[in-house]
Amino acid sequence: MNTDDFGSAGEQARILAHALPFMRRYAGATVVVKYGGHAMGDERLAEQFGADIALLKQVGINPVVVHGGGPQINDMLKRLAIQSRFVDGLRVTDAAMVEVVEMVLAGTVNKMVAGLINRAGAMAVGICGKDGGLIHARKLQRTAIDPDSHIEKALDLGFVGEPAHIDVRVIHALTGAGLIPVIAPVGIGEDGQTYNINADSAAGAIAGALGAKRLLMLTDVPGVLDTDKKLIPEMSAADVKAGIADGTITGGMIPKVECCVDAVEKGVRGAVILDGRQPHACLLEMFTEGGIGTLIRG
């Protein structure tokens, strides 16, 4: 961690003293962190993320990392001259593409994220949702209105899945050994088929199954914004549902807040959508009064 980020030695000491009550509050707790977006592609932010996760472990918190990798998948598909096809804004994942998705997510990206944490002094182990039967998946069901017939029809997205069941035993085995699990969101179906799973959905489901104290969702926006584009610091699940209904929450933020609501309804104490572009975003959220993102409670 670059001490220049925190000013003088006196300022660093003041920051640590201020953080102590929050460290005590979360000691022994499980925190699931969804990592992706711009923070993953920026070298300096990536190093800071690794340091943040290592520090969480050092002060007695049990971090569990779930990562995305959309840009890296896109890059590999281009290199292999595999054309992406989208239906209603969702990528269709055929048999050839799901092999690439698994190779990139469970291989290149997974080991890169684990490496960031290991270089910061902690011990991280990269796995995917297929390992130990962690993420049991089912085919994602989506429908859309046909523009010609105006009839609702099922969309065939190929091997795009969603979590059906989370078996947390492999996570407990790793955390019990003092290791930090780094999880690629690739799941296994009942038929043995590999499924590509949205990282937000995987993180929310894993946090719920673990009964995590916090779910941190790193994004490329400050959090949930109101109609004046100002950050909403805290929302209840009911507030979120009302915000979707009245149009305050729109677009790509809807599935993110829905994952958070689902997680808190499954027992997570709080889910936070925060800006991963902010240096040391995880530490600022966990160890400062009020945090920096939008906290969603049940």
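Including glycine, each Cβ sits where the backbone N, Cα and C put it.
What Swiss-Prot lists as substrate binding site is Gly69, Gly70, Arg91, Asn196. Counting only residues at least six positions away in the same chain, the Cβ atoms of Gly36 sit under 8 Å from the Cβ of Gly70 (substrate binding site).
Taken residue by residue with DSSP, Lys34 (site 'Transition state stabilizer') is part of a strand. Counting every protein chain shown, the number of other Cβ atoms lying within 10 Å of the Cβ of Lys34 (site 'Transition state stabilizer') is 30. As annotated by Swiss-Prot, site 'Transition state stabilizer' applies to Lys34 (among others), with the evidence given as sequence analysis.
Annotation source Swiss-Prot lists site 'Transition state stabilizer' at Lys256 (among others), citing sequence analysis. Of all the Cβ atoms in the protein chains shown, 25 others lie within 10 Å of the Cβ of Lys256 (site 'Transition state stabilizer').
When the Cα of Lys256 (site 'Transition state stabilizer') is compared against those of the recorded positions Lys34, Gly69, Asn196, the shortest separation belongs to Lys34. Using a 10 Å radius centred on the Cβ of Asn196 (substrate binding site) and all shown protein chains, the other Cβ atoms total 23.
The two recorded residues Arg91 (substrate binding site) and Lys34 (site 'Transition state stabilizer') have their Cα atoms spaced 20 Å from each other. Residues Gly69, Gly70, Arg91, Asn196 are recorded as binding substrate; their most distant pair of Cα atoms lies 14 Å apart. In this structure, the C-alpha atom of Lys34 (site 'Transition state stabilizer') lies 11 angstrom from that of Gly69 (substrate binding site).
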